[in-house]
Amino acid sequence: MVLQKKQLIWALLESGLSRDVLVQAMGELERNRAGGGTERGERGDGESSEEGEMDFHPPIFRELEKLSPEDASKLRVEVDRLLQEDPWHVAKMVKSYMQQHNLPQREVVESTGLNQSHLSQHLNKGTPMKNQKRAALYTWYVKKQCEISQQFTNAKHGLAAAEDQGEDTKKGRRNRFKWGPASLQILFHAYERQKNPSKEEREGLVEECNRAECLQRGVSPSQLAGLGSNLVTEVRVYNWFANRRKEEAFRHKLALDTPFTNPSASSSNPTLAASPEHGKNLNKELATAAV
């Protein structure tokens, strides 16, 4: 048996396959076997058949049943149109929209059932994705566009988004707040000026951040209620500054303590203080302090 395996490997190498490709293929086979084969061929070269897609039942398709027949029909027409376009072009559109609205890949994975690694590769590198899985991704994309548009429309007319919050509660999940790049730029500039702003200054930053988030999404700042879970509040700004101060104090303490940590050991072994394990622990502590 061992001899047969060796002969098979040599035959594959002589056929033109590189060692790296062969190792990667073996790794994928092992992962598929461990996972019951549910993601078989998902990260392949895109030339395989649609075998296995009959077992793919994304949650997003079941959500369409809650829509009116007219809305569901419109959504399917738009999804079909996207399926006819270049997949890489559509992937860049979806990625851009997610960045614009601070939408995490986790949300897409939960709604579509897609493998997060495969989704990331598809959005960032254009890695091929089978038609049914692209249909699930595009269905989420079109549906999310409608939902967010409705959120800002409701905000414009002074309506609360209670229904959306209720749906999230029923599904057992809640959208997490995520700092957007527009807000972070404002906060970091403010931190350079004042590391511990007053309540009035924090409230001013709240207005500035929410305005920037609205403009990033192409809507009027008067519709800031449409930001939903991404709405910046004074408490969130307070916590952000507190975390930055904690992180800075921690870095300063480490800078002072490191040269004097166990001087006898350091003198006998100069490389001990800069060991790889020390670096790993340092990075872990900094990451914890920044949360």
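Cβ coordinates come from backbone N, Cα and C, glycine included.
Note that TrEMBL annotation is computational and uncurated.
Helix, strand and coil counts from DSSP across the DNA-binding region (172-252) read 60 helix, 0 strand, 21 coil. The feature DNA-binding region is assigned by TrEMBL to 172-252.
Annotated compositional bias 'Basic and acidic residues' per TrEMBL: 32-46, in sequence order.
TrEMBL lists 259-272 with the feature compositional bias 'Polar residues'.
As annotated by TrEMBL, domain 'HNF-p1' applies to 1-28.
The annotation domain 'POU-specific atypical' is assigned in TrEMBL to 62-157.
TrEMBL lists 170-251 with the feature domain 'Homeobox'. In the predicted structure, the domain 'Homeobox' (170-251) carries a mean pLDDT of 86.
Under the heading region 'Disordered', TrEMBL lists 32-54 (among others).
Taken from TrEMBL, the feature region 'Disordered' covers 258-291 (among others).
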**Asked** Per DSSP, what is the residue tally for the domain 'POU-specific atypical' (62-157) in helix, strand and coil?
**Response** 79 helix, 0 strand, 17 coil
